[in-house]
């Protein structure tokens, strides 16, 4: 008997817009966030910044929370964008390893669940190792299966089970990556 595989939305990497892709992949919706909406969030963060007088001439392109040409948004934009959608971000304490993450307390579209998904910030090397930077990646449980929705992948990668997800997360932590738990906000 063949079962219906869920339709999975997956944006692929373009320039340094990995946060944009990670957010849309996390929410499983094209244009849930756009470049304009993330730019607006980044601009609001600048306006709300009490230290905005410390800008340099390079700040025209290399803005405090993103690069205006290529994207490359920072954690502040991620947190503000998720808060706009009623989500909160909990930094995972790397000292505890991935075994302390309750992956079975996930959201399958249900707002009753605490864990909505996971966002990773990992170190990457590009252009034959000459360029070192950070990359945003989303993980989400869809139809009872956890998926790696990395925009650098040609298609989403399904994990076999929660233990495989934890092993993957432990590897990310071991390589200096950050694990951010995206939680459904509770009253």
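Glycine is no exception: its Cβ is also placed from the backbone N, Cα and C atoms.
According to TrEMBL, the protein has these features:
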- 18: active site (ACT_SITE)
- 135: active site (ACT_SITE)
- 150: active site (ACT_SITE)
- 5-187: domain 'Josephin' (DOMAIN)
Report, as a single number, how many Cβ atoms besides its own are within 10 Å of the Cβ of residue 18 (active site).
27
In sequence order, which same-chain residues at least six apart have a C-beta under 8 angstroms from residue 135 (active site)?
18, 121, 122, 123, 124, 150, 152
Hey, what's the Cβ neighbour count for residue 150 (active site) at 10 Å?
23
To what whole number does the mean pLDDT across the domain 'Josephin' (5-187) round?
80
